[in-house]
């Protein structure tokens, strides 16, 4: 039987059984589960496929020998030698100092060998040093070639050839060949050959170049020259022009009189030695013309010839300072990396986050509980016992987080030791195999291969190293919910192990589903403290290196501030708008000015809104003027009302006269006799004129407002109430001009007969507020404004109008599709229109009759 792992693979059985290939269930062609949907499509043909890591058998089983340690030692030695030769640090400089002294000694002896007095004494020592140098350099060269294999790009024979083609390796092989040639020629005793090959000894000067294996000095020089290349080219170019011009003019002046300037080449030599401030004195001008020209060009040319030295010096100084600053900045890498790591763990160990598991898995693998191994008397095996000072802690862990402790016999005793969580996980019933069912003496403990090897070597030591498979199994064991599911599952054994069922009689396992809350809180506290410490260390590493560093930080901050201000200014310009100023020259001189394009800025939009509000205000003024004209309100009183902005009046006061008028209103009702003429027009009988003393007219609109009461829509504080037309001005006396008929109408209007009933006044809204107008009424007219009054109120008003002007046509309602402005009265401009008949004192107010 085999056990399927989480990834769908299987562990191979014993050597006696059929070996199963590790793979995914349902993906192998011809497998029992290959009939699943999509399995054949994924598997493809049965041709041999490329092997993967899952297909490789597990190495280092119980029957296998020790893993070869030569590979690890081989790689370690390669890395060590490569670092010593190519990247020396610390005590590795001792070897390079020894090589430098050896090369320098050979160079000094080569110099002394050219002197006749020291030739014989220096040749013997030089011969010995040459042999030592050749041996050292030869061995070092081959070691370099071999150690370069630690780098991935230099592995294999092609990689070695690539490493051998490096410039410094080429110099090494050239010096080695030259040294061997010189040594071979000197050992033959041939005088001619020795004198001819003696010059090859100076090839040993190239050995000094190899002292700088990494080429730091050459890189520094190249970076300085490249950084100041423009300045150097300018100085050299102008200096070269001065050299040519000065040499040519001095040559022309000294050609016939001075033998030192016979050719132009002599003049160039003189100019170069003079402008470079060397001045050998072998050539000099003798005529006064030549001396004057030489002095003039010397003052100009020397300054340009000296410029490259200053440029290179300052460049070297700046570059070295920059390198020191860069090294100082590199010291911030470790604190920054530690801060990032601690910040992530501080974030990931938040107890409220339930979606982050990797950090907790790290602590699950690293947390250990010390245990004591003691030998049992029954089976002669050892079991894990916690120390006395940790019994209470383990009891609490067991009670809080479901930790399970069970006894298990161990195959061999061991002294007191600190057992890691991995050992306790693998000393589980999953690792217990018995030859006979129910026989505890035959039980064995399954361990990892590394543990078996270490126990064979030294039984008293605890196995510390465990393979990747053991770690994966440990992570799986951490998440096992209970023992029942583990006992029912099938077991898988490594090669060389017996496959048996679990022994349920004697089990011992330390299994935890998750860390305890208390342990999590402790880990959280440690992460917080580490984060604070890392933050403090990183802040300490951010201290400025020098004054230039401070200035650089301030300049960088200033540039950042300027960029932010520029961005803010652009956004402000986009919002406010910054249009180009239009001058008189740019204006088009024409009869009609062209419309300017709309400004997309916020200020342009606000201006457009203001224009629309102004247009709406004009329309409202126009509608209010129509209302005042229709209701007969004088403009002076309306302006006084809106200008004063008086508060709402008190509740209406009912005077005794109003009560008496209310009591006598039924006696003053005038019966209106309607008759129809042959043309179909209505004729109204005029009521008798009542004396004005019986019903005194009102003198102000406040009294009229008090008499009418409150509006049906309510007196809300946010509504602007338009005053009702006064009783003595409803006939529009401003248009009639004080006629006698208007005076009679005012008298008639003051009578109770002409006064509308209280119910009509209550139902109608004579005191009209603008928000009380219904939307349906607004849609009836083209002007968007209409006034609704009850039919009874309009009939009563019509009777009063008929008393004075019987021929006037009264239109109490407005037909659909017709607006208030359709009548001649509502014309906003021009003189007041006449009536249809043009007669009567109220012709100005009467509406025109229907058109025939």
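Quick reminder: no glycine exception, Cβ is built from N, Cα and C everywhere.
According to Swiss-Prot, the protein carries these features:
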type     : residues : note
COMPBIAS : 440-457  : compositional bias 'Polar residues'
MOD_RES  : 52       : phosphoserine
MOD_RES  : 448      : phosphoserine
MOD_RES  : 450      : phosphoserine
MOD_RES  : 454      : phosphoserine
MOD_RES  : 458      : phosphoserine
MOD_RES  : 460      : phosphoserine
MOD_RES  : 489      : phosphoserine
MOD_RES  : 655      : phosphoserine
MOD_RES  : 781      : phosphoserine
MOD_RES  : 783      : phosphoserine
REGION   : 222-323  : region 'Mediates interaction with SLC5A3'
REGION   : 317-522  : region 'Mediates interaction with calmodulin'
REGION   : 404-469  : region 'Disordered'
REGION   : 579-601  : region 'Disordered'
REGION   : 643-662  : region 'Disordered'
REGION   : 672-718  : region 'Disordered'
REGION   : 818-852  : region 'Disordered'
MOTIF    : 277-282  : motif 'Selectivity filter'
TOPO_DOM : 1-90     : topological domain 'Cytoplasmic'
TOPO_DOM : 114-123  : topological domain 'Extracellular'
TOPO_DOM : 146-163  : topological domain 'Cytoplasmic'
TOPO_DOM : 184-196  : topological domain 'Extracellular'
TOPO_DOM : 216-227  : topological domain 'Cytoplasmic'
TOPO_DOM : 254-263  : topological domain 'Extracellular'
TOPO_DOM : 277-287  : topological domain 'Extracellular'
TOPO_DOM : 315-852  : topological domain 'Cytoplasmic'
Intrachain residues whose Cβ lies under 8 Å of the topological domain 'Cytoplasmic' (146-163), provided they are six or more past its termini: 75, 78-79, 81-82, 85-86, 169
Local confidence of the prediction over the region 'Mediates interaction with calmodulin' (317-522), expressed as mean pLDDT: 56
Secondary structure content, the topological domain 'Cytoplasmic' (216-227) (per DSSP, counts of residues): 12 helix, 0 strand, 0 coil
Residue counts (helix, strand, coil, in that order) that DSSP gives for the topological domain 'Extracellular' (277-287): 0 helix, 0 strand, 11 coil
